[in-house]
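Below is one structure, written out as C-alpha cells; the observations come after it.
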Ligand SMILES: CCCCCCCCCCCCCCCCCCCCCCCCCCCC(=O)SCCNC(=O)CCNC(=O)[C@H](O)C(C)(C)COP(=O)(O)OP(=O)(O)OC[C@H]1O[C@@H](n2cnc3c(N)ncnc32)[C@H](O)[C@@H]1OP(=O)(O)O
Ligand SMILES: NC(=O)C1=CN([C@@H]2O[C@H](COP(=O)(O)OP(=O)(O)OC[C@H]3O[C@@H](n4cnc5c(N)ncnc54)[C@H](OP(=O)(O)O)[C@@H]3O)[C@@H](O)[C@H]2O)C=CC1
C-alpha cells in the first residue's frame with residue numbers, strides 16, 4: 001500500500017491554478033491514486049465566456065481524466081470550484097466560501113501564477129507576489145492545515161550559475177515593491193521595471209524570486225515547502241505519455257518547427273536542455289506534501305525538480321530527435337519542410353532569420369495578395385520570431401541545480417511509493433520521451449488525426465518538389481542576369497558548355513567504337 005496515496009485519503013485539498021497545465025495533472029493524479037480523498041477545492045475565475053462549472057466540466061471530460069472516471073466515478077462530487085480572482089483583494093471570494101476554506105483545508109498546493117515573460121510588473125507582482133502573501137495569510141488562519149506547497153521555478157535565481165536548494169535574498173524587499181505599486185502610476189512602473197529586475201531576464205522570473213522571499217518572510221509557524229521545476233514538458237508516463245495542452249515553453253517552438261515556420265534558432269547546441277516531465281513534477285509535489293505534513297521539517301525546504309544534473313540532455317540531441325520524429329510523423333499542412341539548425345552566432349542567426357524566415361513569409365504573402373487573399377504569413381512569422389527571441393536566454397545557457405533535498409526525499413520513500421510517485425529522472429529515456437512528446441503535441445495540442453499522416457507525407461513531398469523547382473528557377477534567373485551583364489560569367493558559361501560538348505562527343509565516339 002502506498003503511504004502517500006493513503007495520506008491524501010479523507011483530506012480536503014486546496015489547489016490554486018488548477019485549470020493550468022500543472023494543476024490539471026496534479027488533480028488527475030490525486031483523484032486516480034487517492035479516490036477516497038474528501039474534496040479538492042479549486043480557486044477558479046470565469047474565462048473566455050465560460051462559467052466556473054463549464055470550465056470544470058470541460059476539464060473532467062477531457063482525455064486526461066479518462067482513467068480517473070474509472071477509478072473515481074463520483075469525481076464531479078469531489079471537486080468544488082470556488083469563484084476567485086487572485087489579482088483581487090481577498091481573491092474576491094465570498095464570505096461563506098472563505099469560511100469553508102478556512103475551516104476545512106488540510107493541504108494547499110499553490111500553483112497559480114502569471115507565466116508570461118512580458119507581463120506588466122504591476123500584474124506580475126499582484127499574482128506572483130501579493131497573491132502568495134495573501135494565501136499565506138489565509139493559511140495562517142486554517143486550524144486544520146498540515147502543509148503549504150508553493151510552486152516556484154528553477155529559474156527564479158537564473159542570474160546565478162549554480163543554484164542550491166535555498167531561498168536567496170532579493171535586492172529589493174518584496175514589501176517595498178508591493179507598497180510602491182499602490183501609489184505609482186503604470187507609466188512610471190514600466191519605466192522603473194528594467195532597473196528593478198537588474199540581471200533577471202524577465203518580469204516573470206524576477207517576480208517568482210520575490211514570491212519565494214515572501215514565502216520565507218510570511219511562513220510564521222506553517223509547514224511550508226517550495227518546489228522549483230525547470231522547463232515543464234509533456235507527460236512521461238502518466239496517465240499516458242505525451243499529454244500536453246498549452247503552447248508555453250518548448251511546445252510553441254516544436255509546432256513552429258514541425259510546420260516548417262521555424263528553421264533556425266539562436267541556441268547553444270551543447271547547452272543543457274533542462275526539461276522535466278509534468279507527471280514527474282506532480283509526483284514530487286505529492287511526495288513533498290506528504291513529507292512536509294508528516295515529518296514537519298524544522299525549516300522551509302526547497303526541492304529542485306530538474307533533470308540536468310541527474311540525466312542531462314542538450315539542445316542538439318533534443319532538436320535532432322524532434323526533427324527525426326517529424327520525418328516519421330509529420331504535422332498536417334506544413335508551410336515548409338521541417339528543417340533547422342541551431343546557431344549561437346548573432347550574425348548567422350540574423351542571416352537565417354532574413355533568408356529562412358522573413359523572405360519566404362514575404363513571398364508567400366505576395367502569392368496570397370496575387371490570388372486575392374489576405375496576407376498573414378509575415379504577421380505569424382514576426383510572432384514566432386518574437387517568441388523565439390524571448391526564449392533565447394534559456395537556450396543559450398546552462399545552470400547547475402543541486403538536488404540534495406529531492407534525492408533525500410526519494411530515499412525516504414518506500415519501494416511502493418517510489419514506484420507510484422516516481423520522480424527519479426535517471427530512468428527517463430530522452431529519445432523515447434521526445435518522440436512521445438512530439439506525438440503528443442500533434443494529437444492532444446493540435447488535435448490532428450493519425451489517419452492524416454500519409455496525406456501529410458505527400459504534402460511534404462510536394463513541398464520538396466516546389467523547393468527544388470524554386471531553387472532551379474532562381475539559379476537560372478540569376479545566371480541569365482549574370483551572363484547578360486558580365487563578360488567573366490559569359491566566359492565561364494562558354495567554358496562549361498564547350499566542356500560538356502567535348503565530353504559528350506568523346507563519350508559518343510567511344511561507344512560507337514565498342515559496337
Ligand atoms: C547543431 C545542429 C542542431 C540541429 C538540430 C536543430 C533542430 C532544431 C529544430 C527546432 C525544434 C525546436 C525544438 C526544440 C525547442 C526548443 C525550445 C526551447 C524553449 C525553452 C523555453 C524555456 C523557458 C524556460 C522558462 C522557465 C520556465 C517557467 O518557469 S514558466 C513557463 C514559461 N512561460 C512561457 O513559456 C510563456 C512564454 N510566453 C509568453 O511570455 C508570451 O506568450 C510571449 C511573450 C512569448 C508572446 O506574447 P504576445 O502577447 O506577443 O502573444 P500572445 O498573445 O501570448 O500570443 C500571440 C500568438 O502567439 C502564439 N504564441 C504564444 N506563445 C507562444 C509560444 N511559446 N510559441 C509559439 N507561439 C506562441 C499564440 O498562440 C498566439 O497565436 P494566435 O492566437 O494565433 O494569435
Ligand atoms: N510550465 C512551466 O514550464 C513551468 C511552470 N512553473 C510554475 O508552475 C506553476 C503552474 O504553471 P503552469 O501550470 O505551467 O501555468 P499555466 O499558465 O498553465 O496556469 C496558470 C494557472 O494560474 C491561474 N491564474 C492565473 N491568474 C489567475 C487569477 N488572477 N486568478 C485565478 N487564477 C489565476 C490560471 O487560471 P486561468 O486558467 O483562469 O488562466 C491557471 O490555472 C506556476 O507557478 C509556474 O510559475 C515553474 C516552472 C516551469
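Note: Cβ is positioned from N, Cα and C throughout, glycine not excepted.
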Message: Of the residue ranges 448-465, 466-483, which one carries the transmembrane segment annotation in TrEMBL?
response: 466-483
- prompt: If you average pLDDT over the domain 'Fatty acyl-CoA reductase C-terminal' (357-448), what do you get?
  reply: 97
Field: Tally of residues which DSSP labels helix, strand or coil - the domain 'Fatty acyl-CoA reductase C-terminal' (357-448)
entry: 67 helix, 2 strand, 23 coil
Field: Cβ-Cβ under 8 Å with the transmembrane segment (492-509): same-chain residues at least 6 beyond its ends
entry: 479, 483
